[in-house]
Amino acid sequence: MTTRQDCQALDAADPLAPLRQQMLLPPGVIYLDGNSLGAMPAATPARVQQVVTQEWGQDLIKSWNTAGWIDLPTRIGDKIARLIGAGPGEVVVADSTSLNIYKVLTAAVRMIQAESPGRTTIVTERSNFPTDLYISQSVAEQHGMRLVLVDSAEELAAQLNDDLAVLLITDVNYRTGAWHDMAALTRAAHEAGALTIWDLCHSAGAVPVDLTGADADFAIGCGYKYLNGGPGAPAFVWVHPRHADRFWQPLSGWLGHAAPFEFSPDYRPAPGIRRYICGTPAIISMAALECGVDTLLAAEPMGGMAALRRKSLALTELFARLAEERCGHLGVTVVSPREDARRGSQVCLALKPPLERASYAVVQALIERGVIGDYRAGDPDRLDQVPHILRFGFTPLYVGFTDAWDAVEHLYQVLTREEWREARFNQKAAVT
Ligand SMILES: *Cc1c(COP(=O)(O)O)cnc(C)c1O
């Protein structure tokens, strides 16, 4: 049995532990929700202050040039590229993930319709994040395609056929934390003659990603989760250089124009990924995002994403094992894959019936104790397959082994003392 002292020894020996000092976390909080909203980097308040008071307040519009505002989408894009196996000039930061899904999916559909018009299906997983499904529904309708939702690896394999146009897959599942084999799935999709889009919302900054090595076609991802960019931070988008001048931008805004300051009446897309900038970037949010991305790049001298991954796996395995050992007899089960190669950087727990109805309240009771995770509702018609889950993200930049141990201890206390029964924990807030 692992003791709290064992965990303290692991923290003391952890070469990545000093990275935590880059973040400002309130005392007494064990933050296990960095997969939903990353913690705030210590550098962010001063940087945002500088942008507001100096660059905007004093230097005014000059800052587009003098402070490099106009280059922020590509400058931060180049930094994110280092985390996802992409090259310089291949990534831009723009808009939201939802909008970027729209852009790349529309582009991929257009490319396929021009080159192999017989293909009519867009395939994704039913368990994908809803915005990915909703945007796909809309793109499918607009382009006369069929959206097919699959429920298993077998169903997915069966869709890799002559009809497949685009495969849209979220690399790490937002609910369960299950991690796909990007290289294998991309290869299979290409062999079927289709294009791939990878959603990296729960991958960028969480697991090593190698878009180039996997030979993917398109990718998008989120700035406010593991990249610590702040609430509503802008998102990013990548396209493989082989498509650099072929892909289309359906939201053909002026800043994606080849020469925006010519103010020409005709749209002419910028070369390469810059065309995926639509309108004027949100500079204050961009500045905060850059601070967040820098917290991950700070790990590069210590082994970068590979080292963060090793720690993340050790943390998630420890948490899952302790949750089972300590709380298994209370009805707690681990829903995330236990196999290292199949698990992202989060652990999801479920509660066995009849306790499963208390899942939301258990998470609220944990939050009051300072253990911040979140709750994701299951499918009421298929609770056996899609249970209510208690979701805990482990961001190796700022979560330690003792945190994992303490979190399980708090869970044990919430369950054995039945704290979740209190009325205030059972009132659902707008955001769960
Ligand atoms: C978080 C997340 C999103 C978020 O999209 P927004 O446009 O930022 O709201 C989309 N897709 C996945 C898979 C996510 O995890």
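Every residue, even glycine, has its Cβ placed from backbone N, Cα and C.
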May I ask you to find which of THR66, THR74, THR170 TrEMBL records for the pyridoxal 5'-phosphate site already listed with THR97, SER98, PHE129, PRO130, THR131, ASP132, ASP199, HIS202, TYR224, TRP254, THR280? THR170
How many whole Å apart are the CA atoms of HIS202 (pyridoxal 5'-phosphate binding site) and LYS225 (N6-(pyridoxal phosphate)lysine)? 7
Between the two most separated Cα atoms in THR97, SER98, PHE129, PRO130, THR131, ASP132, THR170, ASP199, HIS202, TYR224, TRP254, THR280, the residues recorded as binding pyridoxal 5'-phosphate, what distance in Å do you get? 30
Around TRP254 (pyridoxal 5'-phosphate binding site), how many other C-beta atoms are within 10 angstroms of its C-beta? 14
Between TRP254 (pyridoxal 5'-phosphate binding site) and LYS225 (N6-(pyridoxal phosphate)lysine), what C-alpha distance do you get in Å? 29
Ten-angstrom check, please: count other Cβ atoms within 10 Å of the Cβ of THR131 (pyridoxal 5'-phosphate binding site), all chains counted. 16
